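As given in Swiss-Prot:
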| type | residues | note |
| --- | --- | --- |
| ACT_SITE | Glu7 | active site |
| ACT_SITE | Glu10 | active site |
| BINDING | Glu66, Glu254 | substrate binding site |
| ACT_SITE | Ser67 | active site, schiff-base intermediate with substrate |
| MOD_RES | Ser67 | pyruvic acid (Ser) |
| ACT_SITE | Cys81 | active site, proton donor |
| ACT_SITE | Ser237 | active site, proton acceptor |
| ACT_SITE | His250 | active site, proton acceptor |
Amino acid sequence: MAVSGFEGFEKRLELRFFDDDKPITKNPMGLRLIDFESLDQVLNEVQCTVVSAVANRSFDAYVLSESSLFVYPTKIIIKTCGTTQLLKSIRPLIHLARNLGLTLRACRYSRGSFIFPKAQPFPYTSFKDEVIVVEESLPKSLCYRKASVMTPSNNPSRAWHVFTASADVESDEHVVVVEVCMTELDRVNARSFFKRKGDEKNNSDSAGKEMTRLSGIDNINANAYICDFAFDPCGYSMNGVDGDRYSTIHVTPEDGFSYASFECGLSLYDNGHEDISEVLSRAIDVFRPSDVSIATTYGGEDYNHEVTKRVERVLAKKLDLKCRSRLMDEFPGSGTVVYQSFTPRRK
């Protein structure tokens, strides 16, 4: 293991709002009306920038120098890796939303366990300190609050940290969010995310498209429009846009601290979309990692134990990954989180 390297594990923040004149009729664009200059100022505080972007009728998707930002009419998702100061975005985003007549309804902050925890700035050296900073940034109206550290017995160093706050005890979000964290990537597969000789002639967008094709990422969801970006000399990010559904992948391929993440939002009961277990199988197969963790957040959807078991069966059958730990916790106003840890059967 390297003494120091780039921190791949992301910090993730999700803010959900409601319109003071609900339903949203006067301002159907909602948060999407925030001008780019204002967003750029927020990202400057976080210590990252926009490197590529795409939009459709439902939302705006930005690839950042450190991960991704998604802006929906009443929801913002921002995840950043490295040593970024993600929590500095909370207050300015709430302020920008208030100027549009939107009031904060719920907040969720989550992250895995850092590979290089000592390299993180305050408050990210302690989850307890992070929770304090988040709580101080939120209005008192978000009174249903909970912090939890979900620690798998097979690998305590890969805990999942979650803090939620909501104005309502029942969740308003009928979307399931799946977050996959992968470490110790297959070395051959990881080579796809290094720029090759001659790539200096291409820009980062075209090099990113080549990485998308060579790695097989374009096969994970054939219906998605992919906005991708290749970093120099290595590393990769992409956002996928499919109707009102997003997906995102980030890769730190260096040996010794290799890491990749895959995230998507979906409905379990939408017949127009694929079985999540098959999607996860294809995403994980791109990287062939030695360690996989999957955090699934059931918002307004009821927790579905059969989906959890199906994911375990498919990953065992197709990728020879065995589920070593399965944890579950409930968060008022934010739903149920299931955290699964996998390693190859040979381990």
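Placed from the backbone N, Cα and C atoms, the Cβ positions cover glycine too.
Locations of recorded Swiss-Prot features on the structure.
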residue: Glu7; record: active site; CB count, 10 Å: 22
residue: Glu10; record: active site; CB count, 10 Å: 27
residue: Glu66; record: substrate binding site; CB count, 10 Å: 23
residue: Ser67; record: active site, schiff-base intermediate with substrate; CB count, 10 Å: 25
residue: Cys81; record: active site, proton donor; CB count, 10 Å: 26
residue: Ser237; record: active site, proton acceptor; CB count, 10 Å: 27
residue: His250; record: active site, proton acceptor; CB count, 10 Å: 26
residue: Glu254; record: substrate binding site; CB count, 10 Å: 19
Could you tell me the C-alpha distance between Ser237 (active site, proton acceptor) and His250 (active site, proton acceptor) in angstrom, no decimals?
4
Close recorded positions near Glu7 (active site), where close means Cα within 10 Å, chosen from Ser67, His250, Glu254:
none
Candidates Glu66, Ser67, Cys81, His250, Glu254 (recorded positions) - the one closest to Glu10 (active site) by CA:
Cys81
